[in-house]
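**Q** Dumping the structure here so I can ask a few things about it.
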Amino acid sequence: MALFRALYIIWVFLLIPLSNAEEFTPKVTRTLSRYVFDIVNFDDSNTLIRAEEDSVEISFDAGENWKTIDEIEEPIESFVVDPFRGHDRAFAFVKTAPKFYVTDDQGKSWRPLTIPISEKASNYFCDVTTHPIKKKHLIIRCDLLTIKNSGLMYVGREIYTTNDGVSFSQVKPSFGKIDGHISTARCDFIKSSEDSDLGGNDASILCLFRNTEYIESTGSTIDKSELILSADGGETFKELVQFKDKVVSRYEILKHHVIVLTQDDMYNEMSSTNIWISNDVSTFQVARTPTKIRHVNMGQIHEDSIGRIVLPVSRERDDEDSNQPGAAEVLISDSEGLKFLPINWIPNNQFGYINVAYPGFLKGTFFGSFHPFIEYSDRKRKYSRQKVREETKVSVDNGLTWTNLKVVDRENVDLFGCDVTKPERCSLQTHFYDLRNLNPSAGIMMISGIVGDGSAYNWKEEKTFISRDSGLTWRLVHNSTGLYTTGDLGNIIMYIPYRSNENGDVPSKFYYSLDQGKTWGEYDLIMPIYPYRLVSTISDGSGSKFILTGTSITEDPIFITYSIDFSAVFDYKSCEEGDFEDWNLADGKCVNGAKYKYRRRKQDAQCLVKKAFKDLSLDETPCNSCTGSDYECSFEFVRDAKGDCIPDYNLIALSDICDKSKGKSVLVKPLQLIKGDKCKTPMKIESVDIPCDEIPKEGSSDKEIVTTENKFDFEIKFYQYFDTVADESLVMLNSIGDAYISHDGGQTIKRFDTDGEKIVEIVFNPYFNSSAYLFGSKGNIFLTHDRGYSFMIAKLPEARQLGMPLDFSAKAQDTFIYYGGKNCESILSPECHAVAYLTKDGGETFTEMLDNAIHCEFAGTLFKYPSNDDMVMCQVKEKFSQTRSLVSSTDFFQDDRKTVFENIIGYLSTGGYIIVAVPHEDNELRAYVTNDGAEFTEAKFPYDEDIGKQDAFTILGSEEGSIFLHLATNLESGHDFGNLLKSNSNGTSFVTLEHAVNRNTFGYVDFEKVQGLEGIIITNIVSNSEKVGENKEDEQLKTKITFNDGSDWNFLKPPKKDSEGKKFPCDSVSLDKCSLHLHGYTERKDIRDTYSSGSALGMMFGVGNVGDRLLPYEECSTFLTTDGGETWTEVKKGPHQWEYGDHGGVLVLVPENAETDSISYSTDFGKTWKDYKFCGDKVLVKDIITVPRDSALRFLLFGEAKNMGSGSFRTYTIDFRNIFERQCEFDITGRKRADFKYSPLGSRTGCLFGHKTEFLRKTDEKCFIGNIPLSEFSRNVKNCPCTRQDFECDYNFYKASDGTCKLVKGLSSANGADICKKEPDLIEYYDSSGYRKIPLSTCKGGLKLDAHLAPHPCPGKEKAFREKYSINTGAYALVFVTILLVIFFVAWFVYDRGIRRNGGFSRFEEIRLGDDGLIENNRTDRVVNIIVRLGLCISLITKSAFQRAKAGTAQLSSKFRARFGNKKGATYSSLLHDQLSDEPDGFHEDSNDLSSFRGQGSNSEIEQEDVDTSQQEHTSRTDLLGASNIPDALPARSASHESDLAAARSEDK
């Protein structure tokens, strides 16, 4: 039956002949082309132009005949018809040359003009901007491209001004090109239309040049811009001084205003934007918006009929492939253009896409559509149903009131799925895309849409509707959608469907109406067409000719153009006076203080108007009495929920009304007449008394601080920011399950509409910072991947929610695991168990992955070098059992399942490791570690006398290849403490860093690594741990700090005076008795609060006291350090909460556990503090937060106002942006850095971790930092030689009181052969020296405490080891024997010829120098005798020297005996042995002696047998001490190496 009715309707509309034009058929001319898609037409003419492959053709008879334009010789890239002279002038741009052609006579003649482009290119894409009045003034823009690597590469854009081609002048910025091209280059005439109020000098031109430089190392950008103005048609330009130090992103020129957008942060292209407004192009003012604006849809900015600016604001898409439109908000200014407020009809303050259309020819009329960003997934088709309804509305009073689009169509009422007589529930829903190019008419318009309640929008069900009363009521005209346009001011309507039927056939006919849509005729086309474009030949819609373009359905597509002419309809008859009727705009209501009436053709009149729209009669009758619709709120006021104008104290602070007032209050009228309103008799407006005593005065910095208050009936229990630089989005949840979303740091907050479903939990994705998941109480999960701008609703598996957190893949955003309960009618049922459900499509579908799983990790995405990228590990707890096992799989447990451990306590991942706690005998724990998912190694904890059973441990995180772990040694409730341990690089071997470190019953530890700085850790220790362990005393906590990753610890140095300038009670030189102590991690209300900030380098706040121990929290004060913990200052008495902003450029404190109305803030790194009153009544501030990166200038306070009834829970957003004069200047090249300088932290100018590091700090407190990644630009000045500070004790070694690493008594060092198991390719290993290098250290050379001694072969690699170190004995033996033979022959020859035949050795002492008794018969004899004499001489000298030395030694020994009575004192070696020797024996005693590692050589280089023991005992103690190179702070060698030391020192001398 329904099908029959639909067919009947189609027959009624399409097949009934037109009674008023029965014989008429429009004139249709077809043009075919294979090379051109579009054809250009001149206004109100039959002249068409098209470009073929090698020529340009023109037709003067609507396409019937074509001829080639001989003047145009090159291939044409594009045509542009002058929008102000569309009947005559057009431009044709050449593709391969900087050249274009101009016609001023509708194409009859053409003249060429060549652009003097400064750079060569292979392709040119140019366009032109013409002046609305001065015909000869042109602006030419050309984009240059060149061929590179068989593709086109963008070269840049050049802009020229010209006086009709007589001369060209290039417009360039002063800063020139950067990185090859300027990213933005644009110029426009200030006078954008003939009726523009701007441009007193019609030749004025505004130009913007902008360059965006990308910093690859940090991923950030630096923007630079220049906004220039010409008052002489482009001959000279001057920069607008107001924007000299700002980054101008874009501008827009309207009829009454020029809008300029400046970027708040030049180092963040996604930063918020300031909107500058001018109506004279000489002075600009910053417009006031409800919140900071980030993304403005510049192409959609327009002005309404009273000059108000309509400003569409959008979000930036995170996913370019998203099929959802960008979220948006529409702001409308006041009539001055300086205060913007959001459109006031959006349902439930929801987020969504808002489209606002304003037909300029209908005064006061707005159309608006809202598309919510909440989609529902039914697991079969994505986004199939929406939970939040769409809304489509119309306003005829400038947006003051809005109504639904009412459908009035009795004939078709059965075709709609709802009752159209009830428009509040059944109305026309549309997106108004079609209204953007709507032709002017007197209230006649067409639109595509559906009829419904907004709960579903199926694009396939769209139909076409018509209205004759400017959109108030609508009627169905076509059961399909397609292209449509109007002519003769709505008296001719053309329509062609996209598809001719439900089968999708290509349309072969178009439809037309000559009675304003009442009846329709049809025309059969010669060739079916895929329609692309249907337009009137006259831009204002007053013509009777149309152009239809598209493609054929042939295998080889042909471009088709139909020229359609209705000018002969009604026998060319023009309408007379009797053919017109009055039509009242806005249903006869007053609009802008006047009633408007059009004269339009009667619907059934048999004529055409044949007039331009501007010539259509419009009667304007001012209204006698002004009403509320003629007024708007004064600048200092805003409308409340009731529509009343109430004072806004932020706006009052921005205005100057209180500065001009001499009293404590000022009278201000809350309403002002809208600028340009026509009403005659003004309303009587009563002034409002505004108190000024709490308004900051002019010149006060408080005047620039902006505070926004929001009230809630229920307490906000959860809140968290998305960690991105795109904006300051956060999600909040109150105590009854209502979620709220803000995108501006809490300044504007909207409740998240879940259709009545309460939110029970919110989870953020730790790997993808824009994603969050909201769990509903009815089994739905709300997912967002764009920081809460849009949501998809997924139905959770049919399982009970167990409240277990999701587990996410680190590499796939849409992949996560949800845990639900099966057989859980009762949570206590023995059959109730958890099931892990896997989704890979963001929740659209879930599959059951593993039964009884309670915790899983995507292990393959966590490791740096995973054994399998798809590996998943799960903790499984079987039903009816308390035992938990660890299993793994590489195919999500489809076919592969491996049991890793049969029985575990639990496991977790941190920094590329997975650590498993496994139960051991005697109720102990053992930890196993893996960094690839395949091989697990038991973590070796150090032996220590205070470590008993391994009952509990806490993983504190990992960094730079080491795991920090707290091993509990005392687990008595309220008296928990343990040892702080640190692992080696593979996480398997731990050493003790500190004893008795405080923890609480929940396993949290007073341990915090200072963010952004290497190796600085703060802990609290139980100083009386022995007595606490014996239950004799309560815990006494002390705070310690390390600057070298735990190797050395010290107490915090206290400040000399407190915040009031008084000395502290204790003043001891011993830090053990007088130091600073801070309350730590175990006492925090929110574990996200930290001492430090990763962006405020070196800064830390803490609540504590100066003394010998930590006092209770309420007795403490607030302290600050700016040098990483080296020195501290008390900044406030009493405990305070703190927060960092602008990388530490703004520090904020608020009292804790006390009601207040003020905060304290500092802009000079804590040197001075100011108070700011942020509210009238005192509140208890529960928390103060800002973005996770601490880079924003907005802070959010959560407070509770006691005894104030409804709305007692409040948030305050405090914005400090305006207190800074400018943004700090930062030069990435390092050539200029006026606002920053490099310096070390505190007095640590030496080396730390083997290098000297300097950090950037701003030098001018008047500027803000913004998104400059300062931490990325810290620099290592140099690497340093290794010192003791670069080493820590190895496994089974402990740090003794003298600073050396000693082997634990009774234990041996770690088995060096273990590394052979980890690295199978190794063939050798080394024994431990007792020291290992700190992973953070980059030192080179110097002390080598970890120096390896003799290598050992790895098990099974003995042969390779021998081959590596073996010697080629054969070759060495041959050389050695050869040398021996030569020596033997020479010795024998000298003896035989020089000694034996001269009498032998018996004559040796008788020979004298110069004696001629030697036989010399020839030259050989003489050479031999010379050798003999030389040997004799050396022998005599040596003998004589030895005898003299022997005599002198005997004499000196005799003198000493006589003086000291032969008493024998201890030598240096024996002294060191007696006083400083170590207890351990054997090889590992070397680890106690630092001097043994000083040189590059090994012990084997020292020959012990060369030094006689008796000689050492007689050696002067004084001389040895003088020769010693051992530092005073370091012990000497043990007894077993005394001779080595003495020998080495003797050789040095």
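All positions are counted from 1 along the displayed chain.
Yeah, the Cβs are placed from backbone N, Cα and C, and that goes for glycine too.
Straight out of Swiss-Prot:
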| type | residues | note |
| --- | --- | --- |
| CARBOHYD | Asn479 | N-linked glycosylation site |
| CARBOHYD | Asn769 | N-linked glycosylation site |
| REPEAT | 837-848 | repeat 'BNR 9' |
| CARBOHYD | Asn986 | N-linked glycosylation site |
| TRANSMEM | 1370-1390 | transmembrane segment |
| COMPBIAS | 1489-1501 | compositional bias 'Polar residues' |
| COMPBIAS | 1535-1549 | compositional bias 'Basic and acidic residues' |
**Q** May I ask which residues of the same chain, at least 6 positions away in sequence, place their Cβ under 8 angstroms from the Cβ of Asn769 (N-linked glycosylation site)?
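**A** For Asn769 (N-linked glycosylation site), the qualifying residues are Phe722, Asp723, Thr724.
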**Q** In Å, rounded, how far does the Cα of Asn479 (N-linked glycosylation site) sit from the Cα of Asn986 (N-linked glycosylation site)?
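**A** About 70 Å separates the two Cα atoms.
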**Q** Within 10 angstroms of the C-beta of Asn986 (N-linked glycosylation site), what count of other C-beta atoms is obtained when all protein chains are considered?
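**A** Its Cβ has 19 other Cβ atoms within 10 Å.
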**Q** Would you identify the secondary structure of Asn986 (N-linked glycosylation site) according to DSSP, in three states?
**A** coil
**Q** DSSP helix, strand and coil counts for the repeat 'BNR 9' (837-848)?
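**A** The repeat 'BNR 9' (837-848) comes out at 0 helix, 5 strand, 7 coil.
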**Q** Including all protein chains shown, what's the count of other C-beta atoms within 10 A of the C-beta of Asn479 (N-linked glycosylation site)?
**A** 18
